[in-house]
């Protein structure tokens, strides 16, 4: 009480030294009349308005309307003249009220396990300070804190709090409910003389609702190692999934999602994997000795959920492929010491089931070792050459036995086609030698030429006979000589005859029949 508020001034055109110009002030009405009808008083001579009673509270009355009357004749209402004016008094805010939660407990069910989702907006607070002022929250709102590390608050522009789940996903099987203690406080301190707590607390219970979660494979990708070539029906492993819904009575079923070579089977109930065919490391479906298949585990929940798992099978090589001789065809001179044939082998297996290779000639037929010989160069290469001084030109099938170094070793008898031909001084086959090497001797070539000549002669004779026959067919001779042909002796005399019957000549009777 006694705090200066404002000053009002009235001007009178009369002489101020006389009573006609001496003005006095008084308050006529105050609206609202709360908490007292006389909250303000005015100095009658100066017009200063001051508070006269205690109890100004912005949270209850934010503004007062005061009607002030000015009267001359020193305020004599019977003789003086009066006028009124309106004084608007606005009550400003001080921080005399801490924030309070209007509800002390909030229960909110939460489904799912996602992060960064809004859980509740039902947590409201009572903020008595003026909105936007420091007493209302300094830079915006009072600061709200939470005692649980899984949750955070976003600060909206209003009295309703928004709790947001921001940390690791909640799991019904781990935590069915969360108990939060939330505290709200002003950023600005309370005004002096206010004996109240500057903060307020509330409890929030968040219950987690169980939802159907997908089964998962604990080991994904799962890698196993075994030798290739295991028989069909062999049990490889058990690739089972885990259903995280421990409190739901659900069954998990297994099926194949990807099996490129169709080599595997999986038991639908327990996830046991067996072979449906022989696994071959040398298959095109193998990448870096690894075969990969994907399986699906699905539960019978509502709605059903499923997860995938990848099985990787590392196949260990066994010696199951015999070496193949290279090249398949070659050329050599009929006389030795002019050139040789370099041979090698290819094996689909890997070390140690490949080289060094052993190259040898079979003992049967005996002509092979009689005519040919093999000289070893190193573990992968050898040379094939003639053993005898001369071999007739032609194409020869030379069998060669190639053996690898596997355990046990495998061998293969491959045939190389060797063209033996006469060569020039550079060791290259001559033209005649190339023909002879194709397998045609001189007698065979002469026989072919004679057959070609006979065929051409027969064709020529047939053409001549056909032309002569055509000429004879078009040349048909008359029964009489051409000089006696009556058709050349008929004359026209312009005389009337015996009619059409005299002109009906059948000249076909004069011609020679064809047969």
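Glycine residues also receive a Cβ, built from the backbone N, Cα and C atoms like all the rest.
Remember, it's a predicted structure, so these values are computed and weren't measured experimentally.
Quick look at what TrEMBL lists:
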COMPBIAS  496-505  compositional bias 'Acidic residues'
DOMAIN    1-101  domain 'Cadherin'
DOMAIN    170-217  domain 'Cadherin'
DOMAIN    218-325  domain 'Cadherin'
DOMAIN    324-432  domain 'Cadherin'
REGION    492-515  region 'Disordered'
TRANSMEM  432-465  transmembrane segment
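Summarised by DSSP class, the composition of the domain 'Cadherin' (218-325) is 0 helix, 49 strand, 59 coil. Mapped onto DSSP helix, strand and coil, the domain 'Cadherin' (1-101) counts 6 helix, 39 strand, 56 coil. Mean model confidence of the domain 'Cadherin' (324-432) amounts to 87 (pLDDT, 0 to 100 scale). Each residue in the domain 'Cadherin' (170-217) gets a DSSP state, and the totals come to 0 helix, 21 strand, 27 coil.
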